[in-house]
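A short write-up of the structure that comes next.
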Amino acid sequence: MKKIANFIDKITSATGYILNYICLIMILLGFTNAILRKLSQYFGVNLTSNMYFEMQWYLFALIFAYGFSYALLHKEHVKIDIFYNRFSKKTQKRIDFLAGIFFFIPVSLLLCYLTYPMVLKSWVIKESSPDPNGLPRYPLKIAVLLGLFLLVLQSISETIKSWYSLRGEDVS
Amino acid sequence: MSPETILVPLMFVTLIVFLLLGIPVAFALSGTALLFSLLGIKFGLFSFDLLYALPERLMGIAENYILLAIPFFIFMGSILERSGLAEDLLETMGQAFGSLRGGLAISVVVVGTLLAAATGIVGATVITMGLISLPAMLRHGYSKKLACGVIAASGTLGQIIPPSIVLIVLADQLGVSVGDMFLAAIIPGLILSGFYVLYVFLVSLFKPEIAPAIPKEKNVSTVAFIKKVLKVVFPPLFLIAVVLGSIFAGWATPTEAGAFGAVGAMVLAWFSGRLTRKTLEECLTSTVKLSSMVLFILVGATFFTLVFRGLYGDFVIEDLLTHLPGKEYGFLLTVNLVVFILGFFLDFFEIVFIVVPLVAPVAERLLSPIFSDFSEPSRIALVWFGIIISMNLQTSFLTPPLGFSLFYLKGVSPPEVTTADIYKGVVPFILIQIIALASIIFFPEISVGILK
Amino acid sequence: MERRDFLKMAGIALAGTAAGSLIKPINVHAKKRIRWRMASSFPKAVDVIYGGGKTICDLVREMTDGMFDIRIYAAGELVPGLKVFDAVQEGAIQAGHTTLYYYIGKHPAFAFGTAVPFGLIYRQQEAWLHQGNGNKLINSLASDFNLITFPAGNTGAQMGGWYRKPIRSLKDLKGLRMRIPGLGGKVMARLGVSVQVLAGGDIYPALERGALDATEWVGPYDDEKLGFYKVAKYYYYPGWWEPAPSIHLVVNKKAWENLPKEYQEVLRAAARIANVKMMAQYDVKNPPALKRLLEKGVKLERFPDDVIKAAKKEAFDLYEEIASKDATYRKIFEDWKKFKKETSSWLGLNEFAMETITFKGV
Ligand code: NA
Ligand code: NA
């Protein structure tokens, strides 16, 4: 079980590292596209493309889809700790474990389950953007589905870890 | 009694219970939604198929270009923080205020106001402000409560000072022009930040221990100090000039201005020799993590709202609103109370969607006579009403237990800052909001005078 | 159906027989209570188009004495405006009120259901859809997506949008930064326009400060509310990319098949009424709005001939390109083109002469 959790964590860490650079590209793209658009006006030539525009939110969608598990791994998801902090360590661990079983896993499974038909339909028709110089949409939707699947895995990993932690064992 | 009149309030209560137990916010929202979708299906209010609207809503968030402001501004703030540029600035500004206590907090309000003029996305401003100013304030002995309160409040200024997504959505729902809404929001926004400054000033006068003055470095001549001020003030001023300038010079949309700020921050850090690959990667990592945290809360909220609507919760609220008191101030009071309370539970977007179409016709009829000396009384009345609602919504971002700004600030706080610190810290600022709201209600000229 | 309900219904039916032909079988079915949800692609502020969906819901409720109850939701309330098609296809909701050309990324031929640049004018669009092969062709395509569609509104020819600087020749389009989605955007991009499909909230500030030179929207009545006239003085016509866009009611096929026959007819009729009503509303609301805009100093300009000519050529080149790659598209395009040609010879003669006399006085 521990091995499974560690393996999942490794995958999530690796995707998280890639996300860093996706984020950097997204920032540079936003900046460059705006500059090129302004220059188009000065030179009277179209220097930019709606593709650069779409690409920004495509990258954003990747951060959206894969960042959830990354944030989960790093316990980045905010909680209200007014009472939580006053609970005993044991109670806190119980809550963490139950949150894994009754919240993380069912929610992420449901998201995956609901998203699958949408992605399949998009893939079958090779859905593309309706807008000028748009990008194909189906690869993006597939990527989002895989991101949600990673969230399922990460939820399982977190639950396993909190189970060991509840039993007083360390996992890392 | 129909099942929805029981399920809807129960859904709100359940959410609060889950949150207070310490379930992560995003999961508390979506877990409550999951549970109540099962109940909704059981009571025949909707079928499982309705949940297939959820992936479409998810894609709606993923494809929403406006939300790119979140990573853009978080990255900018993150670079400023990790390169030490932000701390240099705040510290020096604090010193520049000299014996004036609370100087650091006042600087935070000023920077928050400027940032508010650049973006209108809640998560973006609160997190950026939290990143750059919370560590500095804590290190200089500010009380955690005051530090959190001032940051959370300044961070929400972005909602009222244009450009702002709240104002845009409201203008759309009220059927008034975005430009009018933006104009009418400027002075109320500045009044708020003025009130914040005044509050910090007064509180540090009477309770110096919670907002200490930052002592000037010893043996530094005034000339040398002024030089230092200029040196540290330049980079952030440059950055603000880049962000605002890119919008005003017509290079960037408000969202893209965030990318300009991010690139500008990298350039500055590079010039000051503090941009290493390690710093860059750390900043990117925290940008990805914090943006994902914000986005997942939005996902939870969208799931919650879908089920809320599935349970016909919107109609429950509608029924509540159909019989409002007839006089203008009674009407305003009721609407504001409803919006304020809904603000505990629902995203501003949903509140605007549910409440505004219901009350706008009444608002137009009741409030127009107040503006009989304007050329278009009904237009002015709706704009004024919109500003009142938007300030109320801005307050709801600050209100415990469910104010989203508070979650976001918690997300960037060091572990020693607890939710309780944040909750207690915002209380005075909520009171300030109410005072500001009241002054706009009783002196409409403050907001819509500019449209005359 | 519950067994008890069935017995009750059978009882009613029997009573009907006993009372002779006074109670027709139709009432037996009409007892069936059905609740649907309809998502609109439009915000409530775009009140005429949004109102088309609402008209359908109201009429259906009245005609069935409240037994068939459709609740309408504005854009974003249940699903984002551009995802209505998907949500109906998935069965999350039973119906949607949307425009089919939002979904040309799913199949390019959906554009013909709504409008294409230099396509059919209102009279032709109505004739093609209802009396030509239009609805049949669009529905055979929609059927692959688990949908059935009904025309349910039209805006008539839209306007060409708001420009910060005048467009005096084709040259002025080069590098022009414009927000124009869909096919119109594709044609503009081919003319050298720097097309950027900005998100809703960014459009106004970008146009105001000059990060954008132009944007298009609908027509005077809707445009006035967005206030673009304050930041871009030049208002161009005609909106050649949208000569007469149809708004559609889209229904999930399974939900449709589960409707009693009478309710199907009720829904069909409601859509037809909404269809006619919307055009009439726009024809009443646009003229005074245009007058108000002109009073506010808006400069009305017609697109120059070279722009029109070049755009038309690019548009039809584009259709041929798509047709060469997609058989379904070719089939619909050919039928549409033939219909356009045939009806143009008639409308272009008598109707055109009548309109010239009416509007120009000669
Ligand atoms: Na703002
Ligand atoms: Na249009």
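Placed from the backbone N, Cα and C atoms, the Cβ positions cover glycine too.
Straight from TrEMBL, the features:
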DOMAIN    B:12-446  domain 'TRAP C4-dicarboxylate transport system permease DctM subunit'
TRANSMEM  B:7-27  transmembrane segment
TRANSMEM  B:33-53  transmembrane segment
TRANSMEM  B:65-85  transmembrane segment
TRANSMEM  B:105-134  transmembrane segment
TRANSMEM  B:146-170  transmembrane segment
TRANSMEM  B:182-206  transmembrane segment
TRANSMEM  B:232-251  transmembrane segment
TRANSMEM  B:257-273  transmembrane segment
TRANSMEM  B:293-312  transmembrane segment
TRANSMEM  B:332-360  transmembrane segment
TRANSMEM  B:381-409  transmembrane segment
TRANSMEM  B:429-451  transmembrane segment
Count the Cβ pairs between the transmembrane segment (B:257-273) and the transmembrane segment (B:332-360) that lie under 8 angstroms and are 6 or more residues apart in sequence, then report whether there are at least 3. no
Can at least 3 Cβ pairs under 8 A be found between the transmembrane segment (B:232-251) and the transmembrane segment (B:65-85), with each pair 6 or more apart in sequence? yes
For the domain 'TRAP C4-dicarboxylate transport system permease DctM subunit' (B:12-446), what's the model's average pLDDT? 86
Same-chain residues at least 6 beyond the ends of the transmembrane segment (B:65-85) with a Cβ under 8 Å from one of its Cβ atoms are 115, 118-121, 123-125, 127-132, 135, 165, 232, 235-236, 239, 243, 254-255, 258-259, 261-262, 264-266, 268-269, 272, 274-275, 279, 282-284, 286-288, 290-291, 294-295, 298
Feature contact check the transmembrane segment (B:332-360) with the transmembrane segment (B:146-170), CB under 8 Å, 3 or more pairs: yes
Could you check if the transmembrane segment (B:182-206) is in contact with the transmembrane segment (B:7-27), meaning 3+ Cβ pairs under 8 Å among residue pairs at least 6 apart in sequence? no
For the transmembrane segment (B:381-409), sequence-distant contacts whose Cβ falls under 8 Å of one of its Cβ atoms, 6 or more beyond its ends: 15-16, 19-20, 25, 122-123, 126-127, 130, 134, 148, 151-153, 155-157, 159-160, 164, 166-167, 170-171, 174-176, 180-181, 184-185, 188, 192, 293-294, 297, 332, 335-336, 339-340, 342-345, 347-348, 351-352, 355-356, 360, 363-364, 367-368, 370-371, 419, 422-423, 426, 429-430, 433-434, 436-437, 440-441, 444, 447-448, 451
